[in-house]
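S.K.: A single structure is presented below for examination.
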């Protein structure tokens, strides 16, 4: 019985050792200590076929506690070769544990190690097996030496086949390796990474279904910020079987000694980095679709906060004010940044505000146009009435002047002899050679008060009615009516003693 208990306890201990510890529940980095990830970095792209790179201040002594990165990416059919100068001096140690140059065959610091270099003897040339090469230079706080200088060049990959193999059937499971599955997220204050988006990306690239994935996300936030990573969902297919599925978080470099946390259990506590760069790595060897997880990353600063540009998250950290009410819980431990928000999401609210603004602008523009047209119509109507009044006064004055010049007006019996629409000449017996043409009224006489025309004049009532009817006809038709014109008949001959004839025409 004791032997059985001993075997069971030993088996439990072995199972516990086989699972990677998820680490402490949470720990804050040292406050107000900001490290800029890209402070000592150089990146060489496919078009930079050859060149030199060196340690800081070479050939002078390099700095203490220095971390530098040199990253090379050649064309797909090329590899990278590095040759060091003879003057090579990095603090010597049997295991290169103090100062060292690390060369990794791939895109990351966790890619296979090609060489770890130190000492005073220049190493042999180093050549990658892929089109990526990762070179890191790390120093401690004690001894500083001259450092190194190296020459790199891209050369054709000698291991590539002359002809490409036939394309595998789409249903054949493939292996998506770390060099092929890389995502870079730059300069955002927050974001989301989840397993569903990964599967969708692999489907879009024609690399799903797959038997194995090893994918990495590089997260960069603005300088002088750190990164908070919180899992909103975390469900792995094989619990505590890290060899089958795990998530790893690195700080600044995707390097084994910069690993912050590794999760393969049922929970994943929050993680805070010391720098403005983090790497998230997801490895799964089978049942890829059974893993469901969602991570929210947030750029944060330590207190005290800038009350204008920041939002306080509890007692320790601040986030950018733009993250307030953005639909994501960016504050650590408690989503205070999503409290007391508008009922509508910010994006929807922005669309609603834009639509309301457009409607209000249209209404204001329509109102302005209506006011302008109304004012113009009123001005034209006033102008029209004023011209009518001036014309009426002119006609009345002309008629009065005419009658004053010719004597009393015509009798109604004489006006009655004129029949529309022909103009006929009316001759007064005592008017001499002067005459007037009238257009007789149509219908009844106008109802306009006669006192306006007859007062102070010698117009007969019939003439008043006639003139008012002419005015009413003009008002109803909207046409200009010229009531009086003066025509002078042919000048008399020298032998004639008569005066020239003056004809007064009345017409519409």
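Every residue number used here counts from 1 along the chain in the order it is shown.
Keep in mind that glycine also has a Cβ here, set from the backbone N, Cα and C atoms.
Not measured: the values here are computed from a predicted model.
Okay, so TrEMBL annotates it like this:
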{"type": "SIGNAL", "residues": "1-19", "note": "signal peptide"}
{"type": "DOMAIN", "residues": "40-155", "note": "domain 'CUB'"}
{"type": "DOMAIN", "residues": "181-300", "note": "domain 'CUB'"}
{"type": "DISULFID", "residues": "313-331", "note": "disulfide bond"}
{"type": "TRANSMEM", "residues": "354-375", "note": "transmembrane segment"}
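Can you walk me through where each of these features ends up in the structure?
M.R.: For the domain 'CUB' (40-155), the mean pLDDT of the prediction comes to 96.
In the three-state DSSP scheme, residue 313 (disulfide bond) falls into the strand class. Applying an 8 A CB threshold to same-chain residues 6+ apart, the list for residue 313 (disulfide bond) reads 300, 319, 330, 331, 332, 336, 337.
Here the transmembrane segment (354-375) has no long-range neighbours, meaning no same-chain residue at least 6 beyond its ends has a C-beta under 8 angstroms from one of its own.
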S.K.: Is it possible to list how many residues within the domain 'CUB' (40-155) are helical, extended or coil according to DSSP?
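M.R.: So the counts come to 0 helix, 53 strand, 63 coil.
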S.K.: Could you give me the DSSP helix, strand and coil counts for the domain 'CUB' (181-300)?
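M.R.: Residue counts for the domain 'CUB' (181-300) by secondary structure: 16 helix, 62 strand, 42 coil.
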